[in-house]
Amino acid sequence: MSKTGTKITFYEDKNFQGRRYDCDCDCSDFHTYLSRCNSIRVEGGTWAVYERPDFAGYMYILPQGDYPEYQRWMGLNDRLSSCRALHLSSGGQYKIQIFEKGDFNGQMYETTEDCPSIMEQFHMREIHSCKVLDGAWIFYELPNYRGRQYLLDKKEYRKPVDWGAVSPAVQSFRRIVES
């Protein structure tokens with residue numbers, strides 16, 4: 001475990017079997033150590049893991065816990081190549097403003113809570129811009145915290161490309177809470 005208390009272990013096979021790769025800091029390319037990744041154990045911290053090297057491709061946020069198969073972290077396949085430890089603020093404050101149009105236009109909603117469905121909670125189809133006022137958040141392209149994930153830190157996002165998306169298809173979001 002690192003000085004910051006972060007550690008993640010990747011396993012080639014399901015249920016923590018086969019070759020493994022231990023990591024306690026950011027790693028831009030570990031696919032040379034493992035040909036595939038079918039299970040993960042996060043022993044400290046919250047991690048962002050990426051499908052491709054250099055923190056690219058699909059991203060998954062993993063808090064401390066066991067993930068015996070890639071479906072448990074909503075993975076699309078057994079390919080992971082890079083990871084980074086998230087350094088979350090310990091203040092415990094969370095606040096986000098979401099907007100129905102780009103550049104902070106249109107109807108605005110502010111919340112401090114997770115949202116499993118923006119359609120049900122805010123009667124919005126998509127999020128075109130947002131302001132993260134406190135905490136770190138994850139946007140999901142589908143309801144109930146499913147689909148592609150986007151990590152949002154404390155700052156303003158004028159359009160979907162600012163948070164790494166190609167479209168405003170965000171259907172749910174949640175706070176990243178350190179366990």
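Note that Cβ sites are derived from N, Cα and C of the backbone, with glycine treated the same way.
Residues or ranges marked as N-acetylserine in Swiss-Prot (evidence: similarity to another entry): SER2.
The region 'N-terminal arm' annotation in Swiss-Prot covers 2-5.
With a threshold of 8 Å between CB atoms, the same-chain residues lying at least 6 positions outside the domain 'Beta/gamma crystallin 'Greek key' 1' (6-44) that come near it are 53-55, 62-70, 73, 78-85. As annotated by Swiss-Prot, domain 'Beta/gamma crystallin 'Greek key' 1' applies to 6-44, with the evidence given as sequence analysis.
Mean model confidence for the domain 'Beta/gamma crystallin 'Greek key' 2' (45-87) is a pLDDT of 89. Taken from Swiss-Prot, the feature domain 'Beta/gamma crystallin 'Greek key' 2' covers 45-87.
According to Swiss-Prot, the feature region 'Connecting peptide' maps to 88-93.
Under the heading domain 'Beta/gamma crystallin 'Greek key' 3', Swiss-Prot lists 94-134. Counting only same-chain residues 6+ beyond the ends of the domain 'Beta/gamma crystallin 'Greek key' 3' (94-134), those with a CB under 8 A from a CB of the stretch are 143-145, 152-160, 163, 167-175.
Residues or ranges marked as domain 'Beta/gamma crystallin 'Greek key' 4' in Swiss-Prot: 135-177. In the domain 'Beta/gamma crystallin 'Greek key' 4' (135-177), the DSSP tally of helix, strand and coil residues is 4 helix, 19 strand, 20 coil.
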